[in-house]
Amino acid sequence: MKLSGISLWLLAASIVHAGKSQFEAFENEFYFKDHLGTISVYHEPYFNGPTTSFPESCAIKQVHLLQRHGSRNPTGDDTATDVSSAQYIDIFQNKLLNGSIPVNFSYPENPLYFVKHWTPVIKAENADQLSSSGRIELFDLGRQVFERYYELFDTDVYDINTAAQERVVDSAEWFSYGMFGDDMQNKTNFIVLPEDDSAGANSLAMYYSCPVYEDNNIDENTTEAAHTSWRNVFLKPIANRLNKYFDSGYNLTVSDVRSLYYICVYEIALRDNSDFCSLFTPSEFLNFEYDSDLDYAYWGGPASEWASTLGGAYVNNLANNLRKGVNNASDRKVFLAFTHDSQIIPVEAALGFFPDITPEHPLPTDKNIFTYSLKTSSFVPFAGNLITELFLCSDNKYYVRHLVNQQVYPLTDCGYGPSGASDGLCELSAYLNSSVRVNSTSNGIANFNSQCQAHSTNVTVYY
């Protein structure tokens, strides 16, 4: 049938005024801030899982929080050899300002023209420190956790287990102020665990409390080789593309490219915006994200033989406290621990979160495969967390559920919740005895002590 001109016009008009939902996929915007690896600002992951509401006909009985510190300044490095360190970035910034790295300000629409009037916010003297936004993140999270689990807060004082680094302790304090306000000092008992081998299996910095792993630099060479391979693939094309924005005769090195990127991401962490980020394309941000993911996959993560050892002690402690809750062997209901991203990933690996990445099948280092489980941007952004919930449901059975950054991480290896549907829950005994985690839930502490030749300790902590 041949349509008249007026019919075509009416058809076009009706399409314009119709709902757009069927074509929204073509209009999705790329949010680069959600893809900055472990330096990402806090955001919820993209699990598309069940609702975070408490399951119907279930009562919350325990909550366990494993919490990363909030947004921070770059870490310190007195030798200024680490490209991501505050000292290295500070030196690079000065080179941009004094012309040692010569921006071509006469190049039309140079995205670096702002450098003429730019005042750096990254300072070497602030290395390692929690940022103001990091304090706000933790305060707000503390408030939200208290409101969500209010019925469990029925004792006078709560243990706050924290790794010893200042930014972690500060984060724990701000979180506690969010929970208890001015009454924080009276409501908390801070247990500060050293970040060295004296903490043994109680550590919240397992890399440093495992002498065999730390002293022998296990995973260091394989991780560096993975980075070298991948950076040889993706960094040089960025340097070639950006060279035109600098005076002729100056060619960016791959370290220069990484420095520009780190200024971008840390300015985002410190003040939520950065003109340097306009230098990079969406694909390039995803490739930097992959570089971060390689780090946490190979260094104590699921691509390492040591992941279940390093994460298993926490998992065993968690499992023991879940069992005590069921057996009425303890009246503790709230378990709080504050740590680093490098602690959380091995724990999640020991829990079976990354089944597609193994020592036998690690992430490739010659290409970005995009569809893989361990996205550090989603699992351990600044202020990232892992929450474990224990429920007693109307069928008189106990169930477990995990939340990652306040979104349900659906458990698929141990059955279903009381609804009989895939709702992210597992019945407790099935959860503890699932083949993906039973070695950690049952033997994690013993494995850590024996394989690490860890120091014994008389301190008892509860995660």
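Each Cβ is built from the backbone N, Cα and C atoms, and glycine gets one as well.
If you check Swiss-Prot, you get these features:
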| type | residues | note |
| --- | --- | --- |
| SIGNAL | 1-18 | signal peptide |
| ACT_SITE | His69 | active site, nucleophile |
| CARBOHYD | Asn98 | N-linked glycosylation site |
| CARBOHYD | Asn104 | N-linked glycosylation site |
| CARBOHYD | Asn186 | N-linked glycosylation site |
| CARBOHYD | Asn221 | N-linked glycosylation site |
| CARBOHYD | Asn251 | N-linked glycosylation site |
| CARBOHYD | Asn328 | N-linked glycosylation site |
| ACT_SITE | Asp341 | active site, proton donor |
| CARBOHYD | Asn433 | N-linked glycosylation site |
| CARBOHYD | Asn439 | N-linked glycosylation site |
| CARBOHYD | Asn458 | N-linked glycosylation site |
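With Asn251 (N-linked glycosylation site) as the anchor, the candidate recorded positions are His69, Asn98, Asn186, Asn221, Asn433, and the one with the nearest CA is Asn98. In sequence order, Thr38, Arg68, Tyr296, Thr376, Val380, Gly384 make up the list of same-chain residues 6 or more apart from Asp341 (active site, proton donor) whose Cβ falls under 8 Å from its Cβ. On a Cα basis, Asn104 (N-linked glycosylation site) lies 59 Å away from Asn439 (N-linked glycosylation site). Of Asn104, Asn186, Asn221, Asn433, all annotated as glycosylation sites, the residue with the shortest Cα distance to the residue listed as 'active site, nucleophile' is Asn186. Set side by side, the glycosylation sites Asn104, Asn186, Asn328, Asn433 differ in how many other CB atoms lie within 10 angstroms of their CB, and the most is found at Asn104. Spacing of Asn221 (N-linked glycosylation site) relative to Asn186 (N-linked glycosylation site) is 47 Å (Cα to Cα, whole number). Closest in space to Asn328 (N-linked glycosylation site), of the glycosylation sites given as Asn98, Asn104, Asn186, Asn433, is Asn433, taking the CA atom of each residue. For Asn98 (N-linked glycosylation site), the number of other Cβ atoms no farther than 10 Å from its own Cβ, over all displayed protein chains, is 9. When the Cα atoms are compared, Asn433 (N-linked glycosylation site) and Asn98 (N-linked glycosylation site) turn out to be 61 Å apart. Here Asn98 (N-linked glycosylation site) is positioned 52 angstrom away from Asn186 (N-linked glycosylation site), judged by their C-alpha atoms. Around Asn221 (N-linked glycosylation site), taking its Cβ as the centre, 10 other Cβ atoms fall within 10 Å, counting all chains. Counting in whole angstrom, Asn98 (N-linked glycosylation site) lies 13 from Asn104 (N-linked glycosylation site) by their C-alpha atoms. In this structure, the glycosylation sites under consideration are Asn251, Asn439, and the one with the smallest number of other Cβ atoms within 10 Å of its Cβ is Asn251.
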